[in-house]
Amino acid sequence: MRRAWPIFLVAVLLLAAAARDGVDQWIDQTDLPSLVSDTSIEVRGRQGGLLRAYTVEDGIWRLGARVQDVDPTYVEMLLAYEDKRFFEHSGVDVRALLRAAAHALAQREIVSGGSTLTMQVARLLENSGTGEWAGKLRQIRLALAMERGLTKNEILTLYLTHAPFGGNIEGIRAATLAWFGKEPKRLTPAQAALLVALPQSPNARRPDRHSQRAATARERVLRRAAAADVLGAGDVEAALSEPLPSQKRGFPNNSPHLSDRALAEAPDHRRHDLTLDESLQGSLERLAEQTVRGLGHKLSIAILVANHETGEVLASLGSAGFLRDGQRQGFVDMTVAKRSPGSTLKPLIYGLSFDQGLVHPETMIRDAPVSFGSYAPQNFDGQFRGDVRVSEALSLSLNIPVVVLTDELGPANLMAALQRSGAAPKLPGGTAGLAVSLGGVGVSLKELVQLYAGIARGGKSVEIFWRQGEKSDHSQRLMSRSAAWHLGHILSGIRPPAGAPRNRLAYKTGTSYGHRDTWAIGFDGQHVAGVWIGRPDGTPVPGAFGADIAAPVLFDVFQHIKPELAPLGPPPPETIMLSNAQLPEPLRKFRGRSAVFEAPKDQLALAFPPSGARLVDSGEGVVIKIKHGVQPFTVLANGLPVATGIRRHEFALPMVEKGASTLTVIDAEGHSDRVQIWLD
């Protein structure tokens with residue numbers, strides 16, 4: 001018998017080894033469920049905050065979560081309550097399982113499951129039951145297999161993503177957003193305890209429906225956390241007095257139109273990082289709702305804010321009624337809809353006129369009845385003011401002076417400048433006419449904001465963008481720096497709406513024909529913003545003017561951006577800062593092309609180069625030949641003085657930029673002549 005004992009021991013060890021090898025093989029051959037489940041597509045802002053999320057295909061809110069994104073106290077309480085030996089076992093806690101089996105034999109039913117967190121993850125991934133021994137055995141096998149292929153943090157991450165929290169809520173992030181309206185980074189002990197308790201019976205313990213059950217379960221978690229030294233006694237008592245949430249909250253739904261656009265452009269991305277400022281976006285969403293409620297008449301509103309220095313969009317609101325009360329008009333993104341801009345193109349026309357040498361801000365221009373064939377523009381109030389300064393004509397938004405200037409510039413040149421700003425204007429008849437200066441063209445809020453951003457940037461266009469990682473590649477010269485500065489100076493002097501701060505915000509309002517669209521676009525030294533108010537279906541809003549309803553909102557928008565405006569820049573060195581009396585005689589009063597630029601035979605004439613000439617840059621400047629006129633002469637290139645005090649009729653003009661240029665010569669008596677050339 002003594003000789004047989006060693007043989008028996010060896011046999012037992014061999015059988016144990018064989019059993020172990022068999023178990024290992026059994027575990028290794030386990031078919032794991034998919035460990036990569038669909039999670040909600042997320043749209044985030046520039047600080048990483050959630051702007052909007054989308055449910056997965058089965059209507060479940062399931063947001064991806066990481067251990068490092070969750071309050072550590074919650075994780076400690078979870079482990080203390082559900083799996084205190086989580087970091088010690090290999091998927092199965094034998095002691096807990098034996099205890100559960102003993103309870104089951106004594107009670108003849110499963111009272112305590114003895115499941116580890118890993119086993120719970122296995123159940124969640126396969127959506128299997130909790131009370132059958134066959135199901136329990138399957139969970140054990142899966143848990144052992146997962147522990148061999150995953151780290152503890154990865155298993156915790158799966159639990160944090162899939163744990164059920166009532167209704168269509170899965171995962172810790174969806175739960176904290178639904179029950180507490182925040183991310184799980186910082187939780188109170190009471191909040192953490194409820195979130196530990198909910199997954200055991202997510203629907204039976206919903207605090208909005210079964211508050212007493214939820215409170216009892218929460219207390220049980222808190223007491224066990226205190227017993228495990230996760231919480232102090234004082235923490236528990238304070239947590240017990242904290243009220244339970246009485247209802248589920250809605251998920252963030254900020255900038256829904258832009259979020260939908262981001263998803264449509266990149267449907268395979270699970271996360272979309274936008275340039276929007278989460279705080280600003282949220283505050284403007286609330287401002288828009290308040291504004292629409294106050295205005296009534298079933299109006300809608302759109303707001304767009306950008307940093308004109310970088311081109312980044314900081315806030316984008318396409319309407320105030322998205323998914324609200326079944327209003328289909330709320331689905332229309334009015335930041336990109338083509339609408340009549342009213343008077344908002346007038347600054348561009350004046351800027352181009354400054355550059356062409358047609359007028360200066362101090363130039364007097366006639367506001368009187370005028371007709372262009374059958375087209376006879378009128379001012380909005382039906383009044384005429386006679387001779388006014390150009391700066392005043394822009395400030396008062398007079399129609400007749402700007403139409404006269406558009407006739408001088410040519411509507412096609414205005415459309416070309418609008419395209420240089422990045423716009424794609426929509427012409428109703430296909431051909432630009434004089435009416436484009438008063439809104440007879442379709443542009444979007446985004447395009448107007450982009451145009452004013454170019455003015456704010458010293459006349460250099462910028463393409464605004466909303467996706468992080470992109471940058472503005474579109475940059476063309478809209479107008480000279482001095483013309484842009486003059487516009488900013490004039491627009492910042494316009495009287496603010498009643499009750500708005502007198503902070504010298506540079507802004508312009510507009511109202512389309514028939515009061516269908518009201519606009520206000522403005523900028524300071526860093527930001528540009530635009531507001532549209534109207535009806536998406538284009539029906540009139542009688543009595544609505546941009547100055548009355550859109551402008552006050554624009555000033556509110558800038559208060560939300562930053563209480564103190566960023567100052568506009570100083571005038572560029574080349575800016576002509578003269579009074580009307582100091583201007584050359586042709587710029588003192590605008591009379592039209594024939595009076596200003598056609599010289600009589602006995603007066604000044606720019607003889608060479610001829611208008612339309614194409615010259616090659618020899619490096620020695622452009623030869624200028626002048627006939628008649630009284631010395632000294634002044635020469636302007638594209639509206640800017642490049643030579644003064646000239647006392648010769650023939651000379652070389654340096655510093656002419658390559659490309660198209662308009663050269664203007666003015667003599668001592670104020671007579672002038674001009675030509676247009678191209679320099680290669």
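Just so you know, the numbers here start at 1 and follow the chain as drawn.
Cβ atoms are placed via backbone N, Cα and C, with glycine included.
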Tell me which range among 30-50, 198-218 TrEMBL lists as region 'Disordered'.
-> 198-218
Short question: which residues 6 or more past the ends of the region 'Disordered' (241-260) have a Cβ under 8 Å from it?
-> 43, 50-53, 61, 166-167, 169, 174, 177-181, 188, 190-191, 194, 207-208, 211, 214-215, 218, 272, 274, 276, 278, 281-282, 285, 313, 315-319, 322-323, 333, 335, 466
Helix-strand-coil residue split for the region 'Disordered' (198-218), DSSP-based | 11 helix, 0 strand, 10 coil
May I have the DSSP-based helix, strand and coil counts for the residues of the region 'Disordered' (241-260)?
-> 5 helix, 1 strand, 14 coil
